[in-house]
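Q: One structure, as structure tokens, below. Some questions next.
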Amino acid sequence: MSNGTEIQCPSPFLNVLDFTDGGFIEGRVCQPVPGGLTCCLPCPMTQWAYPDSFETMSEAANWVSVVSTVGCVFLLLSWAVLPVDKTFRHYLSISLTTAVVFMNLGFVIPLAAQPEQCFDAITPNSMKTSSVCAASGMFIILGGWAGVLWVFLRALSLHLQICWQLVVGRNFMWFAQFVGWGIPGVGVILAFLLSGVSFRFGQTCHINHKNSLADLWIPLLVVSGITIIIQFATFGYCIKVYLASLADNSASTEGSNMPSYTNSIRTMTPKQAYRRVRRVIALQWRGIAIVLIIIADVIFFSVVFVFQDTTVEAVKNDSSIARPWAFCLLANGGDKEPCLELASALVVNMPTVGAVLFLLGMNGIWLCLLLGRWSMITGWRDLLLSSPNRSKREFVSVDARLDDLKKDTRSYEMLSRDDSGKVMEQSVTPSVVTPISPTLARSGMGSPAMDSHNQDPESGRRTPDFFGQTQRYHTPARSFSSPRPPQQPQQATVTWDPTESYARGQSPGVYSQDGNNPNNYVNPLGMNRL
């Protein structure tokens with residue numbers, strides 16, 4: 001007690017005069033009392049406003065973040081090492097996963113470091129008095145900003161592809177990199193300069209109340225709202241296309257050989273548009289689910305934390321709000337258990353806080369389930385198991401199987417003649433002889449001839465030189481590989497020979513000179529003529 005003050009604050013409250021001005025002064029929960037004293041609630045505040053299981057719940061949420069981080073690292077390593085056909089990597093997925101890793105580090109670092117939450121008995125630590133607090137707060141703000149922006153860019157990319165049929169290319173990629181990492185960097189700087197971070201509840205540092213709405217929460221909620229609008233606009237377009245396809249009875253040219261201008265919205269039939277939209281959704285449904293999950297988490301976290309921050313500030317400014325709870329602590333001699341029900345009016349209830357922490361920690365797990373593929377597992381298996389076997393086969397000599405080859409000479413033959421003129425033994429006979437067998441000698445015209453082999457037994461068996469001689473190409477008569485002048489029609493006139501068919505040799509309508517009909521021909525047009 002300083003200055004020899006004999007009056008002390010009732011338990012469990014502490015006199016502010018007994019402490020220095022170190023730490024985050026604005027984080028103290030103090031109220032003036034009659035007698036000229038200012039009594040403060042011991043640090044940390046969560047120890048008095050929540051049950052003892054709050055710390056266990058917070059630590060469990062941090063361990064969920066550890067599992068989430070491991071899953072995200074597995075995804076990043078798979079995208080970096082494995083081929084594209086195993087991972088289907090994309091810069092939007094890689095950047096979003098990196099942002100979630102940053103957010104998770106804000107919970108993993110305090111779990112590993114186990115920092116002191118309080119500078120003294122009534123004052124919490126801040127980024128100026130704890131490096132762990134500064135790192136934790138920076139990663140949470142950076143990961144939150146980056147996660148929201150990369151989700152926004154993913155929703156925008158999907159909207160441009162489905163609704164406007166635009167192919168997002170390199171320009172959009174560079175724009176996304178600038179927005180997805182530039183704005184979070186600026187957001188972290190503004191948050192640290194204008195607000196700062198400190199231990200608010202749990203072992204993780206969060207942004208302070210001062211200017212936090214302007215430099216963090218409102219911008220995050222605005223970007224999240226725009227993302228939701230874009231996503232639901234895409235859904236609305238998909239529903240419109242689906243309903244139009246149900247009412248369309250026109251024949252579709254898709255799947256036929258007729259030309260169709262499917263790159264134009266105006267010339268595309270409703271059924272064609274529906275098929276295209278359905279294919280895009282079938283490929284992008286994982287991204288759509290990720291957008292909805294992360295946006296819901298960010299909005300939930302923002303609303304809960306803003307409500308918590310506003311409630312604590314209201315208690316500091318109006319002591320009458322916390323008076324019933326304070327009298328309960330005084331009446332029970334500092335025992336918090338009977339007063340927890342009254343404390344629920346001062347802070348966000350524990351199930352809600354736990355839901356926020358667990359949902360934030362599970363973002364990486366959702367990414368593993370939606371962006372991960374079974375082909376990644378098989379790809380790592382092939383990479384780890386095939387490499388030693390491949391290196392072992394590379395160092396096996398070709399002569400290692402010489403003994404096996406000597407046991408059956410018919411299974412291996414050297415059918416070539418080297419430059420020195422050496423010929424293999426004539427006792428070796430090929431097991432199968434075909435018209436293109438290398439055991440047959442090549443004749444002068446380049447075709448195999450058995451007689452030449454029988455006439456010259458000293459020639460040996462030699463592999464035909466298929467590539468050493470240049471063969472003349474004979475253009476077929478009906479070849480259209482080069483332009484040809486049109487052929488002149490033949491001068492001779494093709495006549496019809498009735499003897500080659502079953503037709504009558506004489507025209508049926510011709511009568512002999514004497515008027516008789518030698519063929520007994522009856523004119524069908526005159527058969528009823530009188």
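Note: Cβ is positioned from N, Cα and C throughout, glycine not excepted.
Feature table excerpt (TrEMBL):
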type     : residues : note
DOMAIN   : 54-218   : domain 'G-protein coupled receptors family 2 profile 2'
TRANSMEM : 60-82    : transmembrane segment
TRANSMEM : 94-114   : transmembrane segment
TRANSMEM : 134-153  : transmembrane segment
TRANSMEM : 174-196  : transmembrane segment
TRANSMEM : 216-239  : transmembrane segment
TRANSMEM : 285-307  : transmembrane segment
TRANSMEM : 352-372  : transmembrane segment
REGION   : 434-530  : region 'Disordered'
COMPBIAS : 453-464  : compositional bias 'Basic and acidic residues'
COMPBIAS : 468-482  : compositional bias 'Polar residues'
COMPBIAS : 509-522  : compositional bias 'Polar residues'
Q: Residue list, the transmembrane segment (134-153) vs rest of chain: Cβ under 8 Å, 6 or more residues beyond ends.
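A: Same-chain residues near the transmembrane segment (134-153) but 6 or more away: 92, 95-96, 98-107, 109-110, 127-128, 176, 179-181, 183-185, 187-188, 191-192, 197-198, 204-207, 216, 220, 223-224, 226-227, 230, 290-291, 294-295, 298, 301, 363.
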Q: For the transmembrane segment (216-239), what are the same-chain contacts with Cβ under 8 Å, counting residues 6+ beyond its ends?
A: 141, 144-145, 148-149, 151-152, 155-156, 158-159, 162-163, 187, 191, 195, 207, 277, 281, 288, 291-292, 295, 298-299, 302, 305-306
Q: Taking only the residues in the domain 'G-protein coupled receptors family 2 profile 2' (54-218), give me the average pLDDT of this model.
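A: 94, rounded to a whole number.
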Q: As a test: from 60-82, 174-196, 285-307, 352-372, pick the stretch that has the greatest number of Cβ pairs under 8 Å with the transmembrane segment (94-114).
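A: Result: 60-82.
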Q: For the transmembrane segment (60-82), find every same-chain residue at least 6 residues outside the stretch whose CB is under 8 Å from a CB in it, and list them.
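A: Tertiary neighbours of the transmembrane segment (60-82) are 89, 93-94, 97-98, 100-101, 104-105, 107-108, 110-111, 203-204, 354, 357-358, 360-365, 367-368, 371-372, 376, 379-380, 383.
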Q: Who are the chain neighbours of the transmembrane segment (285-307) in space, where the CB to CB distance is under 8 Å and they lie at least 6 residues beyond its ends?
A: 92-93, 96, 100, 144, 147-148, 151, 154-155, 158, 206, 213, 217, 220-221, 224, 227-228, 231, 348, 352-353, 355-356, 359-360, 363, 366-367, 370-371
